[in-house]
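K.L.:
OK, Swiss-Prot features for this one:
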type	residues	note
DOMAIN	3-246	domain 'ABC transporter'
BINDING	GLY40, HIS41, THR42, GLY43, SER44, GLY45, LYS46, SER47	ATP binding site
Amino acid sequence: MDIRFKQVDFTYQPNTPFEQRALFDINLTIQDGSYTAIVGHTGSGKSTLLQHLNALVKPTKGQVTIGERVITPETDNKNLKPIRKKVGIVFQFPEAQLFEETVERDIAFGPKNFGVSDEEAKKLAKKMLDLVGLDEKYLQHSPFELSGGQMRRVAIAGVLAMEPEVLVLDEPTAGLDPKGRKEMMEMFSRLHKEHNMTIVLVTHLMDDVANYADHVIVLEKGQIVRAGAPQEVFQETQWLKEKQLGVPTAAEFAEKLVAKGFSFEQLPLTADQLADQLLKKMQEAGEAK
């Protein structure tokens, strides 16, 4: 299922003294099965764009097409519920939204709200808990007895229990330690690769974009200022620094080598790419002797 934006503007509190325009002429396509990262400073419009992905808000101008459903400023708010099932959003610190007495009941809440039987909802809860890497023994535990990382996995399982086609992640690793962040990002990568799930990642961590995304969109003041494959967008390291977006760690290290006379065919963005290019250079140097 593709999601397409066509000439989308969005304004908060239009026609009031508090009017604030958040998005300007957004044109983009999030392709079915893709892994798209959205980056930009606080206030760049990332969260507003994110809320258009499952019609939590409607465009002030233009249209958003979600699968076969076209959302315009005139779209009735009724019957938008099916979209929320197709596009699941995991907001920052989703564990704050846990509320049920047991993990099972929390995960099953969404499906039951969409008419799934109690028995089927319990099956989904067990399946999704396994999918996020937690043992079924936790099903009857209170979610509030779990660690912070486990609580976040339970909250994500609750979104996955809706069986969405698109999973939208708003800073999903915020507050996690490096090990927890790595495990979480690998989990999303498995969902993408093994279940062909479309992933949209909002993040400020350029290493995660370089390691996992196949497309990146850069927002600034409500406008798209760059879009393309990470390997293309992140080659412009000076531009990234000027925009204070940060540079992937491997690219930053590679630039230091370049400053000392080393050359790369293409600036590596990940540790694997850096290692591969260094090994190739060493082999070439060995053959030249």
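Heads up, the Cβ atoms here are built off N, Cα and C, so glycines get one too.
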K.L.:
Would you mind checking how many other C-beta atoms are within 10 angstroms of the C-beta on HIS41 (ATP binding site)?
P.N.:
15
K.L.:
To see if you understand the setup: which same-chain residues, six or more apart in sequence, place their Cβ under 8 Å from that of GLY45 (ATP binding site)?
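P.N.:
Listed in sequence order, they are ALA22, LEU23, LEU219, LYS221, GLY222, GLN223.
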K.L.:
Among the binding-site residues listed here, THR42, SER44, SER47, whose Cβ has the fewest other Cβ atoms inside 10 Å?
P.N.:
THR42
K.L.:
In the same chain, outside GLY40, HIS41, THR42, GLY43, SER44, GLY45, LYS46, SER47, whose C-beta lies within 8 angstroms of the Cβ mean position for the ATP site?
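P.N.:
Filtered neighbour residues, in order: LEU219.
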K.L.:
Which residues of the same chain, at least 6 positions away in sequence, have a Cβ lying under 8 Å from the Cβ of LYS46 (ATP binding site)?
P.N.:
ILE38, VAL39, GLY40, ASP170, VAL202, LEU219
K.L.:
Using the structure shown, find which entry in GLY40, GLY43 (the binding-site residues) has the sparsest Cβ neighbourhood within 10 Å.
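P.N.:
Comparing Cβ neighbours within 10 Å for the binding-site residues GLY40, GLY43, GLY43 has the fewest.
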